[in-house]
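Student: I'd like to ask some things about the structure below.
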Amino acid sequence: MTSAEAFMDRVRSRDPNEPEFHQAVAEVVESLWPWLHREGQRYLDAQILERLVEPERVVSFRIAWVDDAGKIQVNRGYRIQMNGAIGPYKGGLRFHPTVTLSVLKFLAFEQVFKNSLTTLAMGGGKGGADFDPKRKSDAEVMRFCQSFMTELQRHIGPDTDVPAGDIGVGGREIGYMFGQYRRLRHRFDGVLTGKGPEWGGSLIRPEATGYGAIYFAQEMLATQGQRIQDKTVIISGSGNVAQFAAEKCIALGAKVVTMSDSSGFIHDPAGIDSEKLAWIMELKNVRRERLKEYAEHFGVEYYPGQRPWAIPCHVAVPCATQNELDSDDAKQLLDNHCMCVVEGANMPLTTKAVAQLQSHKILFGPGKAANAGGVATSGLEMAQNSQRMYWSRERVDGELHTIMRKIHAACCEHGQRPDGSIDYVAGANIAGFIKVANAMLAQGCL
Ligand SMILES: NC(=O)C1=CN([C@@H]2O[C@H](COP(=O)(O)OP(=O)(O)OC[C@H]3O[C@@H](n4cnc5c(N)ncnc54)[C@H](O)[C@@H]3O)[C@@H](O)[C@H]2O)C=CC1
Ligand SMILES: O=C(O)CCC(=O)C(=O)O
């Protein structure tokens, strides 16, 4: 292929209706292309990029289930087994009405690089369904999960493909799916991660993505002699990643002033402290209600239909969903002298927003590096399952912290600009690529 543009034209023309996938691939190709032509002729000769953008396998299936009114509902489920060169496919399941093949392919593609960065032996995969868990009863969620797993179980296994949670899939859903797998296969396997601690789950897995993102932010800030302590932090989302990113910020002495859900955001200038965060966790994880209630309960401002990026901050941590921060938002962050943006979510910044932050050389941690702590700790859960052992909180948190430091170091090694600053996007893409590409070279033409 003669140019990155020609490569992308081919990707777009093969699957024209997959904008999110194109976006994720373009970001990687843009930073890899010059490096490949400088130092990677062997990868070009072996068509590694061409193979990386083609999933090894895509499974799509019907999920029929009965709602509380006795009516049959039909959803569409998927599992993308993107690349298994360095280990069993690994990546979350997303249950959300916006799930499409394009969204899951983008997530699976990102996952290949992210899992490689963790230093652990995990290939990349992703799956999910266009099911909306909002306003569904527990019994409906259970019947849906059982139907989903009835098909998925034939494609996964502890040494084949190990799914976990993502948007709309937390401990409750993992439990229902694990139960159905066990019933159908008559085996107690480490086939899912994010399990409960009483039945094979790892301590710290629920916390790991959010904690890991803040550990990564600490490393980035340290390169400029800064600490997160006393910094004002704005966070979007109020789900798994957002909650534990907030918890770690608070523990480290930062002030978290915003959180959001798909209806709007709250701004608490005094800071969301541990008690207020516990209230949010109960609201979101137990009562499953809207964040607006926080504003009413604590007497702070609620901004319906808006995102928090105009609130002045030192550090911004988008933790909700893809493309939730656009170029206007990026400009606003820059105008407000934000010094660090760290992606808790997958691809939360649009392409233009990334380009804007990169051109100003502020600290920008891309999701495939910054939010890799979740899947890394899933890898630690797999290790514990294989050993039939449970590790302590301190041990798992220590391993997570070490992994995040190593990912940061890998980004610095491969992403240093001539002026000494770090391009974390290029660093993460190149470091993630090398391990997978070498494994593909070693394994021949597959
Ligand atoms: N759970 C995990 O371990 C990991 C999750 N991620 C990514 O982090 C992000 C959040 O995932 P989780 O916290 O696990 O999910 P979750 O389901 O626990 O929370 C999702 C949050 O995003 C908000 N949200 C969802 N769609 C939205 C939309 N269209 N507009 C505004 N807000 C929206 C929800 O209101 C909720 O607060 C996703 O991008 C996910 O792919 C990345 C790495 C690991
Ligand atoms: O822990 C896992 O396997 C899933 C994590 C995930 O989906 C992600 O990193 O985006």
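Here, residue 1 is simply the first one shown, and the rest follow in order.
Just so you know, glycine gets a Cβ as well, placed from its N, Cα and C.
Got these off TrEMBL a minute ago, pasting:
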ACT_SITE  Lys126  active site, proton donor
BINDING   Lys90, Gln111, Lys114, Gly165, Ser378  substrate binding site
BINDING   Thr209, Asn240  NAD(+) binding site
SITE      Asp166  site 'Important for catalysis'
Student: If you compare CA-to-CA distances from Asn240 (NAD(+) binding site) to each of the recorded positions Lys90, Gln111, Lys114, Lys126, Ser378, which comes out shortest?
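Tutor: Comparing Cα positions, the closest of these recorded positions turns out to be Ser378.
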Student: Rounded to an integer, what is the Cα-Cα distance in Å between Lys126 (active site, proton donor) and Thr209 (NAD(+) binding site)?
Tutor: 16
Student: What recorded positions in Asp166, Asn240, Ser378 place CB under 6 Å from ligand 2?
Tutor: Asp166, Ser378
Student: Using the recorded substrate site (Lys90, Gln111, Lys114, Gly165, Ser378) as reference, state which further residues of the same chain have their Cβ within 8 Å of the centre of those residues' Cβ atoms, listed in sequence order.
Tutor: Gly91, Gly92, Asn115, Met122, Gly124, Gly125, Lys126, Ala164, Thr193, Gly374, Val375
Student: Tell me the Cβ neighbour count for Asn240 (NAD(+) binding site), meaning other Cβ atoms within 10 Å of its Cβ, over all protein chains shown.
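Tutor: Step by step: centre on the Cβ of Asn240 (NAD(+) binding site), count other Cβ atoms within 10 Å, giving 26.
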Student: For the C-alpha pair, I'd like the distance in angstrom between Lys114 (substrate binding site) and Asp166 (site 'Important for catalysis'), rounded off.
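Tutor: About 15 Å separates the two Cα atoms.
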Student: Sequence gap of 6 or more, C-beta under 8 Å: which same-chain residues meet both conditions with respect to Ser378 (substrate binding site)?
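Tutor: In sequence order, Lys90, Met122, Val162, Ala164, Thr193, Gly194, Ser202, Arg205, Ala208 meet the Cβ cut-off.
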Student: For Asp166 (site 'Important for catalysis'), which residues in the same chain are close in space, meaning a Cβ under 8 Å from its Cβ, but six or more apart along the sequence?
Tutor: Gly91, Gly92, Leu93, Arg94, Leu107, Lys126, Gly128
